[in-house]
Amino acid sequence: MMSMRSVFRFPLCHCCVAAMLATSIGLHAEENSSKSAPETNTPSKTVNTDPASAQATAEGKKAKPLPTDEELKKTLTPLQYAVTRENGTERPFTELYDTWKKEGDGIYVDLISGAPLFSSKDKFDAKCGWPAFSKPITDNEIKELKDVSHGMTRVEVRSESGDAHLGHVFDDGPKELGGLRYCINAAAMRFVPKEKMKEAGYGNLLVKIFGDENPSDTTAAKAEAK
């Protein structure tokens, strides 16, 4: 599948302008939701954290069927639903963004399907108020679509397996990191710490991303060394 970026090149998007537009034209997820969305990324019930299903998704195998929109309305917070299912955008510089900046090694998975999307090794602070990554873990789990909403022309990023709206990708990222900036809503992702990846069903990615098959053993060894 040809990348959307190879078909359509868009002008550089400056972070401050994007933040102003998000505020002025009402791109907040709260305004796309039928009720006020609290700034939290903890659903009342996690959508897909089944290790077997996560492992299948991570390995490109067929996972269990995804929940319906009606089921998602019951399991996701209003903010999470507005972002992933209604193409909303969370406000910039929220507590979710602050939390993302503080998170350590690990991966970010699709909130709906549990598919691995981004790695902490590819995150960088673009000073935009939203999480930023230089590249996805694999292109197979990311799809790009032309987005002409709100009087702008951009490239939307969605998850392939969960069909969840994630954010947008711009070509104004650091050149030393490849030149791309995946501007992603924190509310569309779930963070899995490196030491929890194996038990959560993402053990096959430990070596690929971190070169470490048993992170818990490494952590224990460091603790004993102290």
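From the backbone N, Cα and C atoms, a Cβ is placed for every residue, glycine too.
Features reported for this protein in TrEMBL:
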- 34-56: compositional bias 'Polar residues' (COMPBIAS)
- 69-194: domain 'MsrB' (DOMAIN)
- 31-71: region 'Disordered' (REGION)
- 1-29: signal peptide (SIGNAL)
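Averaged over the domain 'MsrB' (69-194), the predicted model has a pLDDT of 97. DSSP states for the domain 'MsrB' (69-194), grouped as helix (H, G, I), strand (E, B) and coil, give 40 helix, 40 strand, 46 coil.
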